[in-house]
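S.K.: I'd like to ask some things about the structure below.
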Amino acid sequence: MPQTPTRLVSPYGSDRLVQLAARLRPALCDTLITVGGLEFPAHSLVLAGASPRLGCRGRWALVEDISPSTFAQILTFVYGESIELQPGELGDLEEAAKALGVQALEEACQRAQKGKDEDELDPGLKRHQQSEDFMRGSERGLGSPGEKQKPEKDFRSNGREQEMSHKHKAPGERPEMAGATRMMSSEEVMRGIESHKGSEESLRGCPDPLSPPGSLLTSLIPRPWWAEVPRLGEGQSALWSILLWPSRYGAPFSHSTPITAAWQVRPQDQRIPLTLNHSKALWSQNQLASSSPTPGSFPQGTESLSPWQIETSGQGFTGTLATCVSQERTLNCPSHQHPPLPSPARSRPYSCSVCGKRFSLKHQMETHYRVHTGEKPFSCSLCPQRSRDFSAMTKHLRTHGAAPYRCPLCRAGCPSLASMQAHMRGHSPSRLPPGWTIRSTFLYSSSRPTRASSSPGSPTSSAAT
């Protein structure tokens with residue numbers, strides 16, 4: 001059986017903005033995309049509505065393995081026009097749509113491939129069943145019961161004859177002739193529907209009719225997010241969500257925008273790589289300052305990158321790579337990369353020698369170890385209360401008036417070290433004892449003076465907090 005061209009119906013055809021842009025193209029285009037030496041003018045607003053990865057205005061080039069003919073088909077689909085694919089082009093178009101993030105086109109290709117696989121299994125029986133169910137559902141909502149019994153009976157008898165001829169087909173019969181006797185074309189089905197009055201209302205009243213191939217594919221393809229908005233008025237679509245697209249794509253060019261040297265094409269070896277942040281879907285434009293024109297170089301200095309970012313950046317640039325010459329950058333769209341999850345031994349290297357409990361910080365392990373030893377090195381200077389860690393003593397000091405700092409001259413309390421410093425400016429330094437420091441105003445004492453500089457309960461760390 002010869003392969004027929006595959007027809008994909010674009011879901012963007014009902015949008016006024018896309019239709020207007022397609023009618024005006026190449027006028028008012030603020031984007032010029034270079035693919036394989038060919039230039040394609042487009043509107044960044046229309047491209048952004050189809051895929052966030054394409055919503056980049058200016059002059060840029062695709063360096064991914066996408067042919068100019070395939071990219072032209074993608075633009076035709078995005079601008080609301082149907083495309084016809086020859087045998088063998090469906091797979092390349094699906095891969096290109098997946099790489100560029102055009103989800104509607106990718107789903108349409110997958111749906112067409114699935115239908116083609118089902119047709120290859122048993123095309124005659126499947127098409128006949130679809131046509132029969134569709135006509136049965138259409139006649140269910142038309143005319144009186146007496147009028148629809150006869151056509152249904154005739155259609156069933158005709159279907160049985162066709163099925164019997166399919167079963168008892170001669171071995172030498174050509175497959176295309178057999179397919180022609182078994183299939184009912186979509187034009188014949190639509191002609192039969194239009195002959196009835198109120199066919200549109202009957203179709204809406206059908207429980208679940210199956211559409212014939214090529215007739216109602218528009219209802220099977222999901223509409224994009226910006227086409228689901230209700231209409232504001234007659235003939236006007238409420239497509240303000242496109243107009244309120246985030247400002248990272250910039251404003252379109254006007255007729256008065258001067259053409260500067262930024263439109264000059266840069267050589268392939270001078271394109272500046274720039275990674276795409278998938279987690280936030282934002283173009284990392286702030287990495288241009290420290291980037292170099294050497295291919296494969298990092299977008300920014302390694303001193304500002306985390307270790308896992310340096311590791312993944314050193315693996316090279318994969319995925320869809322585009323070069324924005326007007327912004328002097330190359331957009332890299334790698335696959336989702338996440339930092340490796342740390343192992344428990346690496347995240348909690350300190351363990352208790354008594355119970356084996358692990359901790360990420362050493363002072364946490366030391367504080368926990370005092371549970372086994374019963375040591376309480378921190379004591380309150382106002383009462384006999386003692387604590388094994390600094391945080392518990394800080395909470396205890398709040399019971400004395402939430403003023404853990406006390407002036408040695410007037411016994412006034414202060415909530416923080418800064419307020420105590422401001423308070424001490426009101427006293428004469430001559431009244432203070434020799435060797436006095438501001439840290440001695442904190443109302444706690446530790447029985448471990450040798451670790452005063454490094455322990456979490458030291459006056460230095462407490463004053464800093």
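One-based numbering along the chain as shown.
Positions of Cβ are set from backbone N, Cα and C atoms, glycine also.
Relevant sequence annotations retrieved from Swiss-Prot are reproduced here:
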type     : residues : note
COMPBIAS : 123-139  : compositional bias 'Basic and acidic residues'
COMPBIAS : 147-176  : compositional bias 'Basic and acidic residues'
DOMAIN   : 29-87    : domain 'BTB'
REGION   : 111-179  : region 'Disordered'
REGION   : 285-310  : region 'Disordered'
ZN_FING  : 350-372  : zinc finger
ZN_FING  : 378-400  : zinc finger
ZN_FING  : 405-427  : zinc finger
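Distances, neighbours, how buried they are, the whole picture for these features please.
M.R.: Here the zinc finger (350-372) has, by DSSP, the following mix of helix, strand and coil residues: 11 helix, 4 strand, 8 coil.
When averaged over the zinc finger (378-400), pLDDT in the model lands at 78.
Outside the zinc finger (405-427), and at least 6 residues removed from its termini, the chain residues within Cβ reach (under 8 Å) are 433, 436, 438-443, 463.
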